[in-house]
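Asks: This is the structure I want to talk about, given as structure tokens.
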């Protein structure tokens with residue numbers, strides 16, 4: 001097995017870096033800074049970054065098949081025209097006060113799933129929900145009673161939906177109906193250990209194993225959702241790890257975003273790479289290309 005290497009490749013720091021998505025056509029990484037209210041693209045070829053400001057706190061960004069991107073910002077879905085630098089609202093969700101969209105991803109049929117979170121971030125507050133934007137621009141609400149909606153992905157056969165509500169400290173699974181987008185048979189596939197931090201973003205590899213970013217845990221875990229076992233831990237030089245995705249040639253590199261929000265000067269001095277985006281090579285596994293929203 002080749003040796004694992006962790007490298008800070010995007011040194012421009014994000015207060016809350018999130019939602020990394022690999023764009024194969026131009027070898028670039030798409031991501032957001034939630035509290036910085038911007039969407040960015042980093043070219044792995046030129047090392048240059050292009051950014052665009054959003055109008056609200058932006059939880060996530062996904063590619064759109066028709067061109068440009070779709071974001072979930074504030075309590076709405078919106079289209080992004082990267083060329084014109086314009087944002088067009090598509091659909092608003094009827095959320096409780098003091099909530100906003102957080103992480104999201106496109107399913108294999110082209111639906112854009114995204115969940116919300118309470119800005120209070122208290123264990124007893126369950127005001128959030130999971131939604132998806134349909135290709136016809138209508139919105140489906142799947143379930144509520146969520147603390148802090150976060151990482152999500154689908155099994156390789158598209159029959160299982162994996163989901164993280166961060167403050168539940170677990171990874172869950174649902175039976176998934178790819179024809180309707182329906183969810184059923186909710187169950188737990190992994191419970192976080194105390195030293196692993198808060199489960200945040202997540203992605204899947206070609207072996208069907210899950211990679212879970214651990215906020216305040218300084219690591220990414222590889223989990224077998226069939227057995228509930230942790231298979232591997234990759235430690236990072238930053239505590240506030242937020243999300244991850246595979247990219248690079250053959251999708252063999254793991255890109256990992258991080259945050260520096262809430263860290264004081266002493267903590268930042270100890271973790272000078274907090275807020276950086278890392279690339280991990282030598283893992284010996286590959287990911288799958290992201291899906292694009294079809295609406």
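Numbering starts at 1 and runs along the chain as it is shown here.
In case you wondered, yes, glycine gets a Cβ from its N, Cα and C as well.
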Asks: Can you match one of 18, 23, 24, 50 to the divalent metal cation site that Swiss-Prot gives for 150, 200?
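Replies: My reading of Swiss-Prot gives 18 as the candidate in that site.
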Asks: If I restrict to non-local contacts, at least six residues apart, and a C-beta distance under 8 angstroms, what lies near residue 120 (substrate binding site) in its own chain?
Replies: 98
Asks: Roughly how wide, in whole Å, is the group 100, 102, 120 that binds substrate, by largest Cα to Cα distance?
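Replies: Across 100, 102, 120, the two farthest Cα atoms sit 13 Å apart.
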